[in-house]
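What TrEMBL annotates here:
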| type | residues | note |
| --- | --- | --- |
| BINDING | F:Cys42, F:Asp44, F:His101, F:Cys104 | Zn(2+) binding site |
Protein chains: 6
Amino acid sequence: MFPMERILHGVMRFRMEVVPRRLGLYRELANGQRPQALFIACADSRVAPELITQADPGELFTCRNAGNIVPPYGQATGGVSAAIEYAVMALGVRDIVVCGHSDCGAMKGILHPEALAGMPTVRTWLNHAEVARRVVEANGPTVDKLQALVEENVLAQLDHLRTHPSVAAHLAAGDMTLHGWVYSLATSEVRAFDAEQHRFVPLGSTAVPAVSARRRPIAARRGDVRG
Amino acid sequence: MFPMERILHGVMRFRMEVVPRRLGLYRELANGQRPQALFIACADSRVAPELITQADPGELFTCRNAGNIVPPYGQATGGVSAAIEYAVMALGVRDIVVCGHSDCGAMKGILHPEALAGMPTVRTWLNHAEVARRVVEANGPTVDKLQALVEENVLAQLDHLRTHPSVAAHLAAGDMTLHGWVYSLATSEVRAFDAEQHRFVPLGSTAVPAVSARRRPIAARRGDVRG
Amino acid sequence: MFPMERILHGVMRFRMEVVPRRLGLYRELANGQRPQALFIACADSRVAPELITQADPGELFTCRNAGNIVPPYGQATGGVSAAIEYAVMALGVRDIVVCGHSDCGAMKGILHPEALAGMPTVRTWLNHAEVARRVVEANGPTVDKLQALVEENVLAQLDHLRTHPSVAAHLAAGDMTLHGWVYSLATSEVRAFDAEQHRFVPLGSTAVPAVSARRRPIAARRGDVRG
Amino acid sequence: MFPMERILHGVMRFRMEVVPRRLGLYRELANGQRPQALFIACADSRVAPELITQADPGELFTCRNAGNIVPPYGQATGGVSAAIEYAVMALGVRDIVVCGHSDCGAMKGILHPEALAGMPTVRTWLNHAEVARRVVEANGPTVDKLQALVEENVLAQLDHLRTHPSVAAHLAAGDMTLHGWVYSLATSEVRAFDAEQHRFVPLGSTAVPAVSARRRPIAARRGDVRG
Amino acid sequence: MFPMERILHGVMRFRMEVVPRRLGLYRELANGQRPQALFIACADSRVAPELITQADPGELFTCRNAGNIVPPYGQATGGVSAAIEYAVMALGVRDIVVCGHSDCGAMKGILHPEALAGMPTVRTWLNHAEVARRVVEANGPTVDKLQALVEENVLAQLDHLRTHPSVAAHLAAGDMTLHGWVYSLATSEVRAFDAEQHRFVPLGSTAVPAVSARRRPIAARRGDVRG
Amino acid sequence: MFPMERILHGVMRFRMEVVPRRLGLYRELANGQRPQALFIACADSRVAPELITQADPGELFTCRNAGNIVPPYGQATGGVSAAIEYAVMALGVRDIVVCGHSDCGAMKGILHPEALAGMPTVRTWLNHAEVARRVVEANGPTVDKLQALVEENVLAQLDHLRTHPSVAAHLAAGDMTLHGWVYSLATSEVRAFDAEQHRFVPLGSTAVPAVSARRRPIAARRGDVRG
Ligand SMILES: [Zn+2]
Ligand SMILES: [Zn+2]
Ligand SMILES: [Zn+2]
Ligand SMILES: [Zn+2]
Ligand SMILES: [Zn+2]
Ligand SMILES: [Zn+2]
């Protein structure tokens, strides 16, 4: 069976077998979406967010690109920035997950740029993870750099998230939470960054290891700034 | 149950119940991916490609953004362009699907720009669908513009795909196929653009309604160009 | 005689000898232009569009740059994009010719990048022909690559033209025609791309070998799209 | 006769009647170009540089765009910058003409931006003439602003030319000349900026009214710079 | 006395009176700089960093722009990004101060955009403080918004600093400190952000209220990441 | 004493000792600034404009970056362009000084690019001085290239200044003056470019060696332009 035939059969199966089992849900969704989170993941074929989280359709507003990158907010804005703005402002999403994964081809490419020869667009894109590469180069291990880079990259992209006005406004208001996850293909385990412990811990071992909740009271509420 | 708790429970269920049932597949995937297609879809929470196509993990290299946009190739390249280049050149993908959907918030925003007030990044991003908007404005219906726009947008993004060198090289070689799909939330039906009939037809009604296969012999093979 | 002197004498001759012979035409033109086509050609000194087509002043809105390039529509728009938009929207032009030529220095530079060392701006500009280079590299001849590249470049720029909203809207409406030409300096012959035969044929051997006429009916006219 | 038919007939006439009369010249040109000047003019159909200067093929390397614009050198370089770099460095051109004209639609659009509504790309492009608009707004006449703007625009683009490294290097060396011209459609007269008189004068009334010749000795030749 | 005359007299006085008093220092500085900090301040004429800190020449590598802005790291990098990279990598600076001030015209312009009408470049630049504006709009006071914005802007620019690879690498290594200051023109007091107390406190009231010191151990040092 | 401690002590000293001595001036400044000039200088720690000119707070609107660069006006505008626009349009500044200096690390980096390896942002930024480098390469000395480059860079940035609409408008009006200075660390001398003599001369040796005053009458005032 050719690849696309297999996919076409899946489309038929979805309509004939999957939808009828939950017709109510699908009918309701035809009228609109109310996702509970924005999920930013790698385009890698093995890390489908809906699979890993067993989410129903309608639950995750999903942005996927090579390397689960979040460019910082700026003038040359693109698809990820638009997805963030739309999720937060139009859909009212208040939880954002950035999810990296083991064996990531994008992260491997950063460590071995020669593998990306002839792919200038990929290299330019992965420049948004340059900050993670430099952190690992300067401080990381001499072996297993890939694992360190996957984690640092998630943290770097969380830092980038904070530069987006829609995100920053809600972080300051204390009603948004950012989550940094790494999914291990070998163990199927998801580990989340715990801001208290300053490290990644298995998801579920604690309540919700939020990376960022409320940053601080802003000046206006303290009433103690002077001109 | 809070939103994130539900998601966390899903993560546990995935690891405890879903993975064990197909342990062989998941173990194999830990060593690498060999996806059969690049799937470019909207970030909308209701249109998960793996669900609609019932694809297994490892089958679809997935790029998702608001409006299933493909910016044309150029100097200011971003995540979608990188995903295309990586899928074609590093992973050897030879089928690319651009999949729009009914009730798309991004397309609605294009028709009603006032709904995107305060979202400058979204508006800038959706400028990549300006070509579809203008086609519909100039030639489209006075009612049901949304449906026309969803279809035209898929075709416009396929035109953009052709401007990417990695795609064009394989189209010229005749070993790549582009697919333009629209998924209807109301009927669960997927319709694909049929280049012969110049319109969208229900998927499965024919073999594979490819949008683009082999464009033409290039000069070199004809031996009839003169200086 | 120094170069500029020769040019200055030409300016005098134009005013004293050329204009008086067709005073009516020149007087009429002082009041406005109604060009019949947008002609995009190389800046090469040997390929003046008005000469090759024996056009009168007032007939061709002419955009010339190194390599007869048409960048795809996008956010970082420049002079070619502006010329297209102005020609179509302000002047009502409905025929667009992209004309390449044999012995093109820009195309040679693409095949021999070392010839462009020290010219970073030229290299960046010619990146818009990267798609043609890749097509030729992947599928083209091992000899006479230049001829193949000249033709592929014209086709690539026609693909880029389609991404411009003003062009796409009229293509969909069926009232615009794109022409892909190659001018041979050795034979003075112009060959045009024939979409039916999928190859370049001598101009004049058929009626008008249009590259693109009417693409397809859009959804609105079929009345068969479902939500 | 349809517009394109007329053009096609011209192409035939060029090959059958024009070329044979000067076969020697055309044969020689097939082997390469040695243009005497870079000519930057408006895309307007009425201002063909080869017509106005009565230049033979092979004499003018010609860059044409809406408004005879020269963007300043920078990171977001485009077609005009590439043409300049190629003309100066690859072809050895040492005379550059920027030629504006009366009744210019681009300049009218700057004075009446409402005429460019719906043409965002044109407006962005003409931002490179913003400097001329501001000069005229601040100091110009209250009537006949268009004439002032056409002249100021030529001078502004000459200022932009100086920011291009290839141009500046030769200006400093004293072996390059810049020319600022305005062509009047009503009188067929060309007027050139005279740097001595600080105004435009009829071309031919003096020798060569160069805008810029040798700027100054650079430090190295004076030997008087101290650390 | 005309403005420039006063400045010229100052230049004379500097050379004749100021330098001779500390000839040793000035002679030593002729051979190179070893600044102790990178100081990013507003271009405002009243907030000279060397004055406020009573620093000697050679002590502060100083970057000044309207609004003491630090654009996030990215592809469209400019002067501030270059100054950061140069200070950290070429000069070895390990302390960075971002210093805002009361009565800042740039911050006023953000709150009252109509004051920036006709200044598109300023508005575009201040977009880098959009994140601070949104934080204040969403959470701030209804009166005295300016004071809140000045503080939030300093914090936003510190967030942007973290996205720069050279900064992030040293923050991770624990050998760099970021400082967020606000200088009050009315009281001559400098207040610094204290990360512990989550608010600005008078400088000097504690030791060094660092905004950021060591972020966390990276994966490599924990040895506990799994594939 | 640690570096930051020394700086903190300076802040205390400023408030306790410096401000009280000129309390009137500081009180007045709290209400607004009326700077007499825009001063664009290098970020180098040894070239504080307020020190070199002995200027009081409130006198110099100061923009500092690595290499005292002024990018030409354009679409990708940044901090320097914003500072210029704000100084001229919001503050009414009519004198602009671009001040380079001997032993400049940025200029050294241009001559020895290998010294900037690993600093891509710095290299990109210094591309704005490429025009000066090319002038020196083509015409400069074989020894002491640095001194020539420092001077040429100041002149190149003055050329860039002219491309800014706010500057050009006032130059045309004749009410703005540009100054090109070079500060020598070895001799504490400032030399200014004299447009009459076409070279740098010691400041103060003449009245005010203005680089640019009034450019020319514009068309409107001559009343002699014809359509
Ligand atoms: Zn990945
Ligand atoms: Zn959608
Ligand atoms: Zn050519
Ligand atoms: Zn024109
Ligand atoms: Zn300020
Ligand atoms: Zn310097």
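Placement of Cβ uses the backbone N, Cα and C atoms for every residue, glycine included.
In sequence order, F:Ala41, F:Ala43, F:Arg46, F:Val47, F:Gly67, F:Asn68, F:Gly100, F:Ser102, F:Asp103, F:Gly105, F:Ala106, F:Met107, F:Tyr183 are the same-chain residues whose CB sits within 8 A of the CB centroid of F:Cys42, F:Asp44, F:His101, F:Cys104, the residues recorded for Zn(2+) being left out.
Using a cut-off of under 8 A between C-beta atoms, the binding-site residues F:Cys42, F:Asp44, F:His101, F:Cys104 that neighbour chain E are F:Asp44. In this entry, nothing among the binding-site residues F:Cys42, F:Asp44, F:His101, F:Cys104 has a C-beta under 8 A from a C-beta of chain A. Ligand 2 lies within reach of none of the binding-site residues F:Asp44, F:His101, F:Cys104, judged by a C-beta closer than 6 angstroms to any of its atoms. Under DSSP, F:Cys42 (Zn(2+) binding site) is assigned to a strand (E or B) in the three-state scheme. F:His101 (Zn(2+) binding site) falls within a strand segment according to DSSP. Other Cβ atoms within 10 Å of the Cβ of F:Cys104 (Zn(2+) binding site) number 24 in total over all chains. Within 10 Å of the Cβ of F:His101 (Zn(2+) binding site) there are 22 other Cβ atoms, across all protein chains.
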